Amino acid sequence: MGCFHSKAAKEFRGHEDPVKLASETAFSVSEVEALFELFKSISSSVVDDGLINKEEFQLALFKSRKRENIFANRIFDMFDVKRKGVIDFGDFVRSLNVFHPNASLEDKIDFTFRLYDMDCTGYIERQEVKQMLIALLCESEMKLADETIEIILDKTFEDADVNQDGKIDKLEWSDFVNKNPSLLKIMTLPYLRDITTTFPSFVFHSEVDEIAT
């Protein structure tokens with residue numbers, strides 16, 4: 001194990017230990033190691049400083065650094081846990097953890113609630129849902145008439161806004177998602193597909209596993 005720790009210490013210098021991150025998330029050590037390779041690739045795409053800025057994040061998601069997108073901005077802001085305008089490796093892994101198949105339903109519901117609550121008011125309001133819906137439709141290259149979008153919004157708030165105060169609180173959102181689990185399809189990160197399939201099934205061979213065998 002000494003050889004691994006010596007090499008790992010050099011490889012991950014300045015970043016959180018993969019074994020520690022694996023113990024705090026649903027990822028295995030091998031998966032964290034693969035995520036580190038991914039992190040290095042993204043964080044050096046514009047400025048090689050060991051951190052992911054918004055431009056690099058945008059480039060990784062949409063292969064374009066010029067395209068402004070509400071969805072990408074919201075995901076970046078939620079990954080930027082320390083609110084420094086950049087994402088370090090620890091935050092990258094912990095943020096991706098919510099998209100892991102073994103992540104709890106409660107965590108996924110909480111993430112999607114915060115994703116839609118763009119103004120951080122503790123409520124999801126109609127305009128926020130509309131903005132996100134339009135952004136997602138744009139990314140999937142789908143077009144809906146304004147009337148259709150308004151019908152979707154009407155139906156959403158009719159079903160989710162139980163107390164009819166014009167906004168959806170955390171409990172209402174949780175109940176709504178539990179009745180409509182398809183809403184969590186966003187948690188498969190379809191718009192991060194190019195990132196998450198860079199290393200299919202995390203095929204990198206872990207040095208920890210190698211030592212263990």
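Heads up, the Cβ atoms here are built off N, Cα and C, so glycines get one too.
Quick caveat, the model's predicted, so the values are computed rather than measured.
What Swiss-Prot records for GLY2 is N-myristoyl glycine.
Positions annotated as S-stearoyl cysteine by Swiss-Prot: CYS3.
What Swiss-Prot records for CYS3 is S-palmitoyl cysteine, and it gives experimental evidence as the kind of evidence.
Taken together, the residues of the domain 'EF-hand 1' (31-66) have an average pLDDT of 86. Feature annotation from Swiss-Prot assigns domain 'EF-hand 1' to 31-66; the stated evidence is a curator's inference.
Within the chain carrying the domain 'EF-hand 2' (67-102), a Cβ under 8 angstroms from the stretch's Cβ atoms is held by residues 12, 15-16, 21, 24-27, 32, 35-36, 39, 50-54, 57-58, 61, 108, 111, 114-115, 118, 131-132, 134-136, 138-139, 187-189, 191-192, 196, all 6 or more beyond its ends. As annotated by Swiss-Prot, domain 'EF-hand 2' applies to 67-102, with the evidence given as sequence analysis.
Residues near ASP119 (Ca(2+) 1 binding site) in space but far in sequence (CB under 8 A, at least 6 apart, same chain), listed by position: GLU125, GLU128. Residues or ranges marked as Ca(2+) 1 binding site in Swiss-Prot (evidence: sequence analysis): ASP117, ASP119, THR121, TYR123, GLU128.
Residues or ranges marked as site 'Involved in dimerization' in Swiss-Prot: SER140. In the three-state DSSP assignment, the secondary structure recorded for SER140 (site 'Involved in dimerization') is coil. Around SER140 (site 'Involved in dimerization'), taking its Cβ as the centre, 10 other Cβ atoms fall within 10 Å, counting all chains.
Sequence-distant contacts of the domain 'EF-hand 4' (148-183) (same chain, at least 6 residues past either end, Cβ-Cβ under 8 Å): 105, 109-110, 112-113, 116, 122-126, 129-130, 133-134. Annotation comment: Swiss-Prot describes 148-183 as domain 'EF-hand 4', evidence class sequence analysis.
Feature annotation from Swiss-Prot assigns Ca(2+) 2 binding site to ASP161, ASN163, ASP165, LYS167, GLU172; the stated evidence is sequence analysis. The 10 Å shell around the Cβ of LYS167 (Ca(2+) 2 binding site) contains 18 further Cβ atoms across the protein chains shown.
Sequence annotations record features per position, and here Swiss-Prot assigns phosphoserine to SER201.
On a Cα basis, TYR123 (Ca(2+) 1 binding site) lies 13 Å away from ASN163 (Ca(2+) 2 binding site). Residue counts for the domain 'EF-hand 1' (31-66) under DSSP, helix first, then strand, then coil, are 22 helix, 2 strand, 12 coil.
Taking the C-alpha positions, the distance from THR121 (Ca(2+) 1 binding site) to ASP165 (Ca(2+) 2 binding site) comes to 14 Å. A straight line from the CA of ASP161 (Ca(2+) 2 binding site) to the CA of TYR123 (Ca(2+) 1 binding site) spans 11 Å. With ASP117 (Ca(2+) 1 binding site) as the anchor, the candidate recorded positions are SER140, ASP165, GLU172, and the one with the nearest CA is GLU172.
Nearest to TYR123 (Ca(2+) 1 binding site) in space, judged by Cα atoms and limited to the binding-site residues ASP165, LYS167, GLU172, is LYS167.
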